[in-house]
């Protein structure tokens, strides 16, 4: 090779190396923003046919509901592009505020900050005929849970049965809570999203109190991108779900219903013990009881009600417990959540050591069971879908 060709070759190599270095640097400075146009997902071949069990075990009698009021459509794209949120200085000087625990002070000081930019978005998930949207709350570090869900109950289907559309799955995430880990995990998440194309991510920290942000961000996203999806299942990333039973339950439901069904807690009292995860000081909620709400392990709702919820939630101040906050939004609408025995937020049996919590025949009869580790979920899924012989289905446990 001549000298000028060698020089040209070295120059080209150096330019490529610099381009790669600049790209990596930009990704580390603005995590998530570099993936504006992700590659198409590489999902396995979709299953076809009906998921609905021919038996009508989960078809229950339902209350007559009033027609759903028309809800005005909001913006047609996610319209929050910058994070411009400052502390509420007026609040910080109040004596009652200064007496609160640090995490409550943090929550209240930024309570007015409701919406944040999107880092990862997949509006195409609602394109075409979608019957059920499966939405899973997750955190950036829980890749193993998301992977097991994709292999089991979160697997997408092209048909939910005769005359019914597809089943699509999405995961809801914020950003890593630890600053020193954020860039690393964001790059891993970007790769995961390139593989599967099923992650919605917003630019707020994933924390317990920010679960409420995740609720309102999803409701806003749904209102923008999914105006016609009939039903939504929303759950945690540590639950067992039986999609066949979910679809059987929905088979005689109408999208226009104000449907919100799960493991409903009524007359629950605010916890005042400071060492409890769900402790709420009286200054933040002074009433004796919460409105009825569904435990966050998982619940079903109609798309029409979800769009109403988006607007109802915008009329309320944010509350640090997301399940209770949704109950407050339902109360604004005058809608009462419906309890169902197939949703087990606290396990099939509340006694942790009970053998029922490991019995696959019970899981075959349920809709949602909370909670399982990834290995437990995978093992139970295989058992439930094996040549298992169960004497009967259990309606009330």
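Going from the start of the chain as shown, residues are counted 1 onward.
Every residue, even glycine, has its Cβ placed from backbone N, Cα and C.
Quantities reported herein were computed from a predicted structural model and do not represent experimental measurements.
Among the features that Swiss-Prot reports, N-linked glycosylation site is placed at 84 (among others). DSSP assigns residue 84 (N-linked glycosylation site) to coil, not to a helix or a strand. Sequence-distant neighbours of residue 84 (N-linked glycosylation site) (same chain, six or more apart, CB under 8 Å from its CB) are absent.
Taken from Swiss-Prot, the feature N-linked glycosylation site applies to 90 (among others), supported by sequence analysis. Every protein chain shown contributes to the tally, and the Cβ of residue 90 (N-linked glycosylation site) ends up with 8 other Cβ atoms within 10 Å.
According to its DSSP assignment, residue 210 (N-linked glycosylation site) is coil. Using a 10 Å Cβ-Cβ cutoff, residue 210 (N-linked glycosylation site) registers 22 neighbours. Taken from Swiss-Prot, the feature N-linked glycosylation site covers 210 (among others).
Using a 10 Å Cβ-Cβ cutoff, residue 387 (N-linked glycosylation site) registers 4 neighbours. The N-linked glycosylation site annotation in Swiss-Prot covers 387 (among others).
The topological domain 'Cytoplasmic' annotation in Swiss-Prot covers 1-6 and rests on sequence analysis.
Feature annotation from Swiss-Prot assigns topological domain 'Lumenal' to 27-397. For the topological domain 'Lumenal' (27-397), the mean pLDDT of the prediction comes to 86.
Among the features that Swiss-Prot reports, transmembrane segment is placed at 7-26, with the record citing sequence analysis.
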Cα-Cα distance linking residue 210 (N-linked glycosylation site) and residue 387 (N-linked glycosylation site), given in Å to the nearest integer: 42
